[in-house]
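Remarks on the structure that follows.
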Amino acid sequence: MASSEETPRSLTGKVALVTGAGRGIGKGIALELAKRGASVVVNYNSAEKPAQEVVDEIAKTGSRAVAIKADITKVPEVSRLFQEALRHFGHLDIVVSNSGTEVFKPEEEVTEEDYDRVFNLNTRAQFFIAQHAYVHLRNGGRIVLMSSVAANMSGIPNHALYAGSKAAVEGFTRSFAVDAGHKKITVNAIAPGGVKTDMYDANAWHYVPNGKPGMPMEEIDKGLAAFCPLGRVAVPQDIGRVVAFLAHPDSEWVNGQVILLTGGSVT
């Protein structure tokens, strides 16, 4: 597991906005940024209580945080999210677009509603989050988008919708990095493999050879850990630590990249 050594407060004075930060990977990212001294805007869509719990956890690290409700699939809500963040903290230095959803369906069964739900959150929302970040970030800021190992993975059935929604984000990343360069803003994407979250609990069996619904979680973890040289499945803290590096001034020469976060897993 990730170690618990004391973390230097290398992001003191920075302000970060993390979408979907009330749980899962987003929570892990928000906490790691806060441990390093950043003030954090914890965005959530519907579950206020978990988001406020993240704010409370951040306060225990000595950093500041605020929870702001916004449905990021709606552009006016994205605009309001950024305006409220700026009113609360005065400026923004780091924006992490994390929210996402996953659907596994045979191609012939995918409906327009399925398509719109996945692409509205995984793809369209990330475009407009990045657009607003570009406008509002101070010079030298950081944008981190969320792709997935699925964007370049073959051999997984019923996966076209999710894989396609994440592949588009990788194209955004490379183009945005060019467009944002004059403000010295870097734009990167991370592409995690399996990470222990509620989405993992619901869908990870699809990635296990001969996996089936209702598999015990211990079997799923063991099956996926077998692909990883480190012998385990990722936890949100693992992802948060990489994002914390990308948010740091030392990461400036990492730009326009998609960073695969799988612990070396080969599938």
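Just so you know, glycine gets a Cβ as well, placed from its N, Cα and C.
What Swiss-Prot says about this protein:
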BINDING   I25, N45, D71, N98, Y162, K166, V195, T197  NADP(+) binding site
ACT_SITE  S147  active site, proton donor
ACT_SITE  S148  active site, proton donor
ACT_SITE  Y162  active site, proton acceptor
ACT_SITE  K166  active site, lowers pKa of active site Tyr
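By the criterion of other Cβ atoms within 10 Å of the residue's own Cβ, the least surrounded of the recorded positions N45, N98, S147, S148 is N45.
Largest Cα-Cα distance over the residues recorded as binding NADP(+), namely I25, N45, D71, N98, Y162, K166, V195, T197, equals 24 Å.
For the binding-site residues I25, D71, N98, K166, V195, T197, a Cα to Cα distance of within 10 angstroms from S147 (active site, proton donor) holds for N98, K166. DSSP gives V195 (NADP(+) binding site) a strand state.
Each of the binding-site residues I25, D71, K166, V195, T197 was assessed for Cβ neighbours inside 10 Å, and the highest tally belongs to I25.
In this structure, the CA atom of S148 (active site, proton donor) is 6 Å away from the CA atom of K166 (NADP(+) binding site). According to DSSP, S147 (active site, proton donor) is assigned to coil rather than to any helix or strand. Counting Cβ atoms from all protein chains shown, Y162 (NADP(+) binding site) has 24 others lying within 10 Å of its own Cβ.
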